[in-house]
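Trainee: Below you'll find the structure I mean.
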Amino acid sequence: MTKTPDSVSSKPQIITGKARLAGVLGWPVSHSRSPALHNYWLRRYGIDGAYVPLPVKPEQFEAAVRGLQAAGFRGANVTIPHKEAACALADELDPSAQRAGAVNTLVFEEDGRIRGLSTDGEGFVASMDASGISLPASGRALLLGAGGAARSVAAALQDRGLHIAVTNRTQARADSLAAVLPGLEVVPWETWEAGLGGYDLLVNTTSLGMEGGPDPMFRPSLKAASHKLVVADIVYVPRLTPLLAEAEQHGLKTLGGLGMLLHQARLGFREWFGQDPVVDAKTEATVTASL
Ligand code: ATR
């Protein structure tokens, strides 16, 4: 069983000259709670290490990754807008990243090779399970967005046997996602709200509704939803996004993005810091306190 010491909040972080280092690459990155989460786990397990935010512009992504490697980092998480660039940069992709066409976790191997993983989808499904949400075996899910997170979530939900439809402002991007994941349906961005009645699950995988994002007020109409629709958002700042607030107003079951953040992070932590971390109420409370 994993050892999970209790009195961790008072434990100081250990950062010696041998500290293991990792971080999160994003633009912007100030919203990310990954540093709060990973540094909490580092304290909890008494690991000599640190995890830092790394604000990097798209045009500097590759230079930044090479620099981190040169500086002895173990790897990094990758968030908006770098997930597809990270996929192209990795020397080796694990099966989830191959399938998702995106990478959210980079592992720098000692021989200089870069391994890419995609843990968003697995994290999303683990979060759904942890919240006790169960969907019909051959249920239908509609994903908003066609970026890296969408690809990863779509692949993981397909593995669960769900039929997936995707809608995106830029339809060409949704079409290319459908080309990678056979069986995926593309729905026009202009009409998805009206067609919501046919779905069991709606997932926002875009940054719409995110504080500081392109449209923090994003509150689509859920008038056409059936009463069984589960509404999920991968945005977790704010915890109650306008989309989730709208769903609650309709009496629909909701799933916020925090659970996915916590669960997707476990794999990277294990790779960089050599410990499988627990996701429990204390973990959630620590990250929530930073929101
Ligand atoms: P990630 O890899 O984390 O999914 P991404 O690849 O940058 O990040 O994707 C962001 C998603 O948010 C995309 O689906 C994007 O739509 P476009 O492909 O049309 O750009 C979506 N998005 C971002 N800003 C948006 C906006 N103002 N309106 C609609 N969709 C938006």
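Positions of Cβ are set from backbone N, Cα and C atoms, glycine also.
Relevant sequence annotations retrieved from TrEMBL are reproduced here:
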- 24-106: domain 'Shikimate dehydrogenase substrate binding N-terminal' (DOMAIN)
- Ser32, Arg33, Ser34, Thr79, Asn104, Asp120, Tyr236, Gln264: shikimate binding site (BINDING)
- Lys83: active site, proton acceptor (ACT_SITE)
- 139-235: domain 'Quinate/shikimate 5-dehydrogenase/glutamyl-tRNA reductase' (DOMAIN)
- Gly145, Ala146, Gly147, Gly148, Ala149, Asn168, Arg169, Thr170, Gln171, Ala172, Arg173, Ile234, Gly257: NADP(+) binding site (BINDING)
- 257-277: domain 'SDH C-terminal' (DOMAIN)
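Burial and contacts for the listed features, if you can.
Mentor: Arg33 (shikimate binding site) has a Cβ environment of 22 other Cβ atoms inside 10 Å.
Counting only same-chain residues six or more apart in sequence, the Cβ atoms lying under 8 angstroms from the Cβ of Lys83 (active site, proton acceptor) belong to Ala102, Val103, Asn104, Gly147, Gly148, Ala149.
Secondary structure at Gln171 (NADP(+) binding site), taken from DSSP and collapsed to helix, strand or coil, is helix.
Here the domain 'SDH C-terminal' (257-277) returns a mean pLDDT of 96 for the predicted model.
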Trainee: With every protein chain in view, what's the tally of Cβ atoms within 10 Å of the Cβ of Asn104 (shikimate binding site), excluding that atom itself?
Mentor: 30
Trainee: Are there residues of the same chain, six or more positions away from Arg169 (NADP(+) binding site), whose CB falls under 8 angstroms from its CB, and which are they?
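Mentor: Sequence-distant Cβ neighbours: Trp189.
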Trainee: Near ligand 1, meaning Cβ under 6 Å from any of its atoms: which of the binding-site residues Ser32, Asn104, Asp120, Gly145, Gln171, Tyr236 fit that description?
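Mentor: Near ligand 1, sequence order: Gly145.
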Trainee: Quick check: of the binding-site residues listed here (Gln171, Arg173, Gly257), which one has the Cα closest to that of Arg33 (shikimate binding site)?
Mentor: Gly257
Trainee: Just to verify a number: CA distance, Ser32 (shikimate binding site) to Gly145 (NADP(+) binding site), in angstrom, no decimals.
Mentor: 19
